[in-house]
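What TrEMBL says about this one:
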DOMAIN    26-111  domain 'DUF3817'
TRANSMEM  30-49  transmembrane segment
TRANSMEM  61-82  transmembrane segment
TRANSMEM  88-107  transmembrane segment
Amino acid sequence: MACFLVLRYITAQLAVILKERVRRARMFKWISYIEGISLLLLLFVAMPLKYFADIPEAVSIVGMAHGVLFIVYMLFVASYFFSRAWSFKTALLASIASVIPFGPFVFDSRILKQQRPPAL
């Protein structure tokens, strides 16, 4: 009976850990997409508005939002790396992808899908 209770406890703890990992992965995916969109808005909307339409406020607003999202994205990358969920190579690729237009989308579709279990 005690063995059953221990096994039940371990199974429950593993389920909690798995749920937390899935939640973190989903949150990173959303942050990644939003950060990628903010970079595209900065490069292809705000910068042209600043230089061609003489509206520098666009860069101030979108640039600030992108900066905050970039920091959150990099905190997630560091969290995954230091928790040993990602190798140095994967963390480096995520960091490089964050500064390239469409990079976060490619990183998610090519790199992360190779590492994801099929059920996710």
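Including glycine, each Cβ sits where the backbone N, Cα and C put it.
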Summary of DSSP states over the domain 'DUF3817' (26-111), given as helix, strand and coil counts: 72 helix, 0 strand, 14 coil
Long-range environment of the transmembrane segment (30-49) - Cβ separation under 8 angstroms, sequence gap at least 6: 55, 58-59, 61-63, 65-66, 69-70, 72-73, 76, 98-99, 101-105, 107-108
